[in-house]
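Down below is the structure, laid out as structure tokens.
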Amino acid sequence: MELLFLGTGSGVPSKGRNVSAIALQLLEERGATWLFDCGEATQHQILHTSIRPRRIERIFITHLHGDHIFGLPGLLGSRSFQGGETPLFVYGPAGIRSFIETALTVSGTRLKYELHIEEFTEGVVFQDEQFIVTAKLLDHGLPSYGFRIVEKDLPGTLLVDELRALGVKPGSIYQQIKRGELVTLDDGTVIDGRNFVAPPKKGRIVAIMGDTRYCEASVELAKRADVLVHEATFSAEEAHLAHDYYHSTTLQAAEVAKRAEVKQLILTHISSRYQGNMCDQLVEEAKTIFPNVALAFDFSSFPIIRKGNDEG
Ligand SMILES: [Zn+2]
Ligand SMILES: [Zn+2]
């Protein structure tokens with residue numbers, strides 16, 4: 001599992017930063033890539049990475065501002081042109097369907113794969129046996145959502161060495177033990193399967209916020225996440241601008257991270273007014289509130305490691 005930032009600028013593209021898009025690489029987990037937002041020229045950014053458009057399985061859209069969706073029609077078309085045949089799911093706020101369908105229809109773009117567009121409000125956006133993705137409304141000029149992506153816990157492995165030491169040989173009995181049942185051995189001893197299974201492996205939690213002012217919903221979505229991706233369009237001293245334009249400052253993003261008790265904060269959606277050393281300054285500001293901060297650049301990647309078996 002890895003976050004790969006494809007665009008980290010706010011509003012309009014600059015030479016250093018393209019507009020918003022983030023890939024959540026789930027290659028080991030499910031051989032797929034999920035995208036969060038798809039600003040203009042996201043497909044061009046993808047050309048500089050190992051991402052295969054045909055592997056993009058789901059696209060989650062935080063809100064309908066142009067810097068988060070104008071790359072969709074092009075990417076959807078190219079995915080088809082490049083041989084993508086597996087279904088693609090796009091989740092977005094109300095309006096995403098008419099945006100996509102209009103763009104595809106008027107341009108005569110025909111897709112060779114099934115495109116499923118789902119408009120969501122708050123609550124569960126997607127769920128299967130591996131992941132659950134939920135959304136909450138944030139505080140922005142247009143309805144903007146944050147996502148909490150939770151990987152479900154993996155069942156613990158069977159403690160084979162301990163069973164062997166007791167003389168329990170592999171066979172169908174291992175399945176009963178793994179289910180945590182009481183099992184009678186050949187010699188009449190009864191063992192409790194639960195004592196021979198390691199604790200479940202904790203799933204990882206990633207929280208990705210759309211554009212927003214500082215708000216409670218962000219804290220709730222990010223609660224104890226391994227990684228929180230939060231916008232920091234402005235520096236601390238531009239708090240009035242952040243408020244007026246429905247964005248956040250470095251300090252506000254850090255405050256969310258601190259209150260949510262996340263492990264790591266990644267700042268993105270950075271205004272083009274901050275270049276070079278000024279970006280270090282943004283990180284230092286955030287660190288005055290929350291220690292583990294990184295600022296994303298285009299093509300920054302952050303692996304999300306599964307922690308051991310700690311119950312934390
Ligand atoms: Zn934006
Ligand atoms: Zn916006």
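The backbone N, Cα and C atoms fix where each Cβ goes, glycine too.
Annotation source TrEMBL lists active site, proton acceptor at Asp67. There are 22 other Cβ atoms within 10 Å of the Cβ belonging to Asp67 (active site, proton acceptor). DSSP assigns Asp67 (active site, proton acceptor) to a helical segment in the three-state reduction.
In sequence order, Gly141, Leu142, Ser144, Asp211 are the residues of the chain that are 6 or more apart from His65 (Zn(2+) 1 binding site) and have a CB within less than 8 Å of its CB. Sequence annotations record features per position, and here TrEMBL assigns Zn(2+) 1 binding site to His63, His65, His140, Asp211.
The Zn(2+) 2 binding site annotation in TrEMBL covers Asp67, His68, Asp211, His269. Taking all protein chains in view, 29 other C-beta atoms sit within 10 angstroms of the C-beta of His269 (Zn(2+) 2 binding site). Secondary structure from DSSP puts His269 (Zn(2+) 2 binding site) in coil.
Positions annotated as domain 'Metallo-beta-lactamase' by TrEMBL: 202-270.
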Distance [Cα-Cα, Å, rounded] between His68 (Zn(2+) 2 binding site) and His140 (Zn(2+) 1 binding site):
13
For the domain 'Metallo-beta-lactamase' (202-270), what's the mean pLDDT in this predicted model?
98
Can you give me the same-chain residues 6 or more apart in sequence from His140 (Zn(2+) 1 binding site) with a CB-CB distance under 8 Å?
His63, Gly210, Asp211, Thr212, Arg213, Tyr246, His247
Indicate the candidate from His63, His68 with the smallest number of other Cβ atoms within 10 Å of its Cβ, considering only these binding-site residues.
His63
Those binding-site residues in His65, Asp211, His269 whose CB falls under 6 A of ligand 2, listed in sequence order:
His65, Asp211
In sequence order, those recorded positions of His63, His65, Asp67, His140, Asp211 whose CB lies under 6 Å from ligand 1:
His65, Asp67, Asp211
